[in-house]
Amino acid sequence: MAVTKLVLVRHGESQWNNENRFTGWYDVDLSEKGRTEAKAAGELLKNEGFAFDFAYTSVLKRAIHTLWNILDELDQAWLPTEKSWKLNERHYGALQGLNKAETAEKYGDEQVKQWRRGFAVTPPELTKDDERYPGHDPRYSALTEQELPLTESLALTIDRVIPYWDEEILPRIKSGERVIVAAHGNSLRALVKYLDNLSEDEILELNIPTGVPLVYEFDENFKPIKRYYLGNADEIAAKAAAVANQGKAK
């Protein structure tokens, strides 16, 4: 029986990744390096013989443009795609736009690590009159006030990502379609925690590098049997370590 595969990709480096700022739902674009990473991810997938029947991404352009670049390399720019806010990055509340290292200098490395990677820890909330509140953005006009976050923990991110997985993505995989998901560090961490049944301590230490394809293989019951990155292992480990170090004081 053929192995069922799923490809997950965190967006390439964004302009605010480059500036080491908390991004969350702020709609910042890819940096030049990020576009290069996305094209390289597409080339890797092409060289490994991947092709897709359907794509999912968020409503934030750093993920959308990553997907565009990947599909362009695969000559699949036409691929049917669904965009959902449920695949957005976690909302970083009042931290959005702040420099991570400067925030660590102010509050300490451990507090920032908990805000960035803790399971149930929420960053300080936005107020609804803050220009960063998603209720001011027309792309979220169909959401209820209860669905619009003022801040999110990873646990709250899981609460929106996993129902979307169960109701939208998994049924498509079960039907035999080959699926790629281009999303964000924390929406993908939410999915990895669920698929691999990771503990809160394990997920705290999981950092997903930008622009690197992460492949899941499933058994006939659609349970994960293997998870691996495509690319040079040393380079990927260095990129993941760099992600972890973003939240430390200089």
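Residue numbers in this text run from 1 along the chain shown.
Even glycines carry a Cβ here, placed using N, Cα and C.
Over in Swiss-Prot, the protein carries these features:
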ACT_SITE  His11  active site, tele-phosphohistidine intermediate
ACT_SITE  Glu89  active site, proton donor/acceptor
BINDING   10-17, 23-24, Arg62, 89-92, Lys100, 116-117, 185-186  substrate binding site
SITE      His184  site 'Transition state stabilizer'
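Fewest other C-beta atoms within 10 Å: among the recorded positions Arg10, His11, Lys100, that description fits Lys100.
Comparing His11 (active site, tele-phosphohistidine intermediate) with His184 (site 'Transition state stabilizer'), their Cα atoms are 6 Å apart once rounded. Candidates Glu13, His184, Gly185 (recorded positions) were compared with Glu89 (active site, proton donor/acceptor); those inside 10 Å Cα-Cα are His184, Gly185. Of the recorded residues, Arg10 (substrate binding site) and His184 (site 'Transition state stabilizer') place their C-alpha atoms 5 Å from one another. Classification of Arg90 (substrate binding site) by DSSP places it in coil, neither helical nor stranded.
Note: the CA-CA distance between Arg90 (substrate binding site) and His184 (site 'Transition state stabilizer') rounds to 8 Å. Within 10 Å of the Cβ of Gly185 (substrate binding site) there are 21 other Cβ atoms, across all protein chains.
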